[in-house]
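Trainee: Quick one: structure below, then a few questions.
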Amino acid sequence: MRAPGHAAIRWLFWMPLVCSVAMEQLQRDPTLDYHWDLWKKTHEKEYKDKNEEEVRRLIWEKNLKFIMIHNLEYSMGMHTYQVGMNDMGDMTNEEILCRMGALRIPRQSPKTVTFRSYSNRTLPDTVDWREKGCVTEVKYQGSCGACWAFSAVGALEGQLKLKTGKLISLSAQNLVDCSNEEKYGNKGCGGGYMTEAFQYIIDNGGIEADASYPYKATDEKCHYNSKNRAATCSRYIQLPFGDEDALKEAVATKGPVSVGIDASHSSFFFYKSGVYDDPSCTGNVNHGVLVVGYGTLDGKDYWLVKNSWGLNFGDQGYIRMARNNKNHCGIASYCSYPEI
């Protein structure tokens, strides 16, 4: 049997989306016409035909309603964070996660804990590696499940700065294209895992900079050039499963740390400010991000997390996630960092 073409695949994806939206909301709100047009212009949205725009409009209205209700509840003290509309407003949760969250935990994830903790060590109350120049600018992964690659290079960028004094954006595309061999288990835009990316860099003898191997948001043939090597990795360190104290110590004493989180909720997609604490967030991680610090805001402990969804996400690309809250969203479950 011949495999379905792109048109058939698009149809199979599109029809359930249309039906789902139609069942929930049959008619758009004409009082929002101006704001819809303004939002489209702001985020440069274009649709192939009126039918697609109608469906996207209904999804946008549903998300807008969620945002308005949440912020009303926030004003009444029911939440510790605010949400706001962004460029993902015309997408369903399933679409966003399918395109942008593709963390693939190895079936037999190593259980060996290599992080050495010093329980008597005094740690600072607040850490922000951005202030020490160890964090590059926020990236945008686009419609490619390369979250794991951006998380991995982010951790290595911090180590490179601490080791050499140079802050260099490393190539996520290098990992997308070249660490997809069977022995690593990564699938490029189809997902991957940070420690497998670190292992590739170790085996390969290095990784290029983004300047010489730029991000394309698609799977391409590996064309790594050792002459352009920008960083190396000697080994990687894994933290104890679910141990927030160990994560705090690692972030405070070692640098930015790669982690996995559950990022499957509207509250996460549209986060804007405050400390993200959603009771529906689970320990089933599906998205790779980078912890670059921690602190306390209005009496609530948080992890400072760098995402790879561009500056329109969250607080200029960052989110503060609840800390010391029963491993909220699984943030301390799969943590690692590289060493040079």
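Each Cβ is built from the backbone N, Cα and C atoms, and glycine gets one as well.
Quantities reported herein were computed from a predicted structural model and do not represent experimental measurements.
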Trainee: Going by the disulfide annotation in Swiss-Prot, which one of Cys233, Cys281 is bonded to Cys329?
Mentor: Cys281
Trainee: Find the one among the recorded positions Asn120, Cys178, Cys233 whose C-alpha lies closest to that of Cys144 (disulfide bond).
Mentor: Cys178
Trainee: Taking Cα atoms as reference points, rank the disulfide-bonded residues Cys134, Cys222, Cys233 by distance from Asn307 (active site) and give the first.
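Mentor: Result for Asn307 (active site): the nearest of the disulfide-bonded residues is Cys134.
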Trainee: Other Cβ atoms within 10 Å is the metric here; tell me which of the recorded positions Cys144, Cys147, Cys222, Cys329 scores highest.
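Mentor: Compared across Cys144, Cys147, Cys222, Cys329, the most Cβ atoms within 10 Å surround Cys329.
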Trainee: Restricting the comparison to the disulfide-bonded residues Cys178, Cys281, Cys329, which residue's C-alpha is spatially nearest the C-alpha of Cys233 (disulfide bond)?
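Mentor: With Cα distances computed to Cys233 (disulfide bond), the winner among Cys178, Cys281, Cys329 is Cys178.
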